[in-house]
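All remarks here apply to the structure that follows.
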Amino acid sequence: MARALYDWLWQHEFWLPPGITWEDMQESEDVHYPKPRDLLLSIPFAFLLVVIRRAFERAIALPLSSKLGVRDKQRPKAQPNPMLEMFYSTRCKNPKEGELISLAKQCDLPVRKVERWFQRRRNADRPSLSKKFCEACWRFTFYIIAFFTGLAVLYDKPWFWDHRECWTGYPQQPLQPSLFWYYMLELSFYWSLVFTLPFDVKRKDFKEQIVHHAATIFLISFSYCANYIRIGTLVLVIHDASDCFLEPTKIFNYMKWKKTCDSLFMIFSAVFLISRLIIFPYTVLYNTYYYSMEIFQPFFGYYFVNALLTVLQLLHVFWSCLIIHMVYKFIIQGTV
């Protein structure tokens, strides 16, 4: 049954232009094409990145946070109370007034004291500034490495300068080793983020992060399997460009360097809006929608890829509206 499903899913009519079959994608000693099984390598590489990250945070980021004056707040600890701890762990971390009154009666404590206990207990679970600083340092380091790796890999590639070259010879475009390792680097990183989600700082957009990481892994994996690697590399390098400015903005915020933080935020906003609302539509959307039709006729894979990229662009518009709103508040109120 699994084999039948696999054969149905990878019918050449779905993923290859008319007139091309999987037999036309046969490899030789010098020519290699992407294979779905290659993506399994990203799992052990992701665990390796997790190990590297832990070592980086302990040996570099944490000592750096102390030298740069990042200080964790001293928070009063909640007194041990098994009954309140059980309620906190199993039912609710922020009980309502009626629950507070009931718990106060059970513990023979004033309601105000029970309320203060829950407040202190919640504060104890909040991540420290040093932990946030270490996470931001790691992501900043990765995005810088990934962005310049992407530029180094793509600098001498013809489709980086002439976007029509993304489709020359498609889908019979051999997989180059540099492109393979660039893809593995990016895919492994997002797998590593999934693996460390339970241990990372839980922010307000925790659920959205899960959806984002899953969608990113799916897009990278699909573009690899369907040999949309040339378009995929452009998408990756465009996205990494703005992320390189987001993480240092957080770092300087944790350091309380307000002017530097605000300046970096404005730079991040400009890079994000230009890269996601101007460069991405022209370099990627227009490319896949129009230039590809100069080479082949529409087929299911063409519509599927364009649908995914359109959804991605809608997310860009949504995030851009939030950023523009933040920039407006900064200009009017002088703060982010």
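These residue numbers are counts, starting from 1, taken along the chain as shown.
Glycine residues also receive a Cβ, built from the backbone N, Cα and C atoms like all the rest.
Annotation source TrEMBL lists domain 'Homeobox' at 84-128.
Marked as DNA-binding region by TrEMBL: 86-129. Counting residues of the DNA-binding region (86-129) by DSSP class, helix then strand then coil, yields 32 helix, 0 strand, 12 coil.
TrEMBL lists 131-332 with the feature domain 'TLC'.
Annotated transmembrane segment per TrEMBL: 136-155 (among others), in sequence order.
Marked as transmembrane segment by TrEMBL: 180-199 (among others).
The transmembrane segment annotation in TrEMBL covers 264-283 (among others). Residues 163, 234-235, 238-239, 241-242, 245-246, 248-249, 252, 313, 316-317, 319-320, 323-324, 326-327, 330, 336 of the same chain, all 6+ positions outside the transmembrane segment (264-283), place their C-beta atoms under 8 angstroms from a C-beta of that stretch.
For 303-328 (among others), the entry in TrEMBL reads transmembrane segment.
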Integer average pLDDT (0 to 100) for the DNA-binding region (86-129): 76
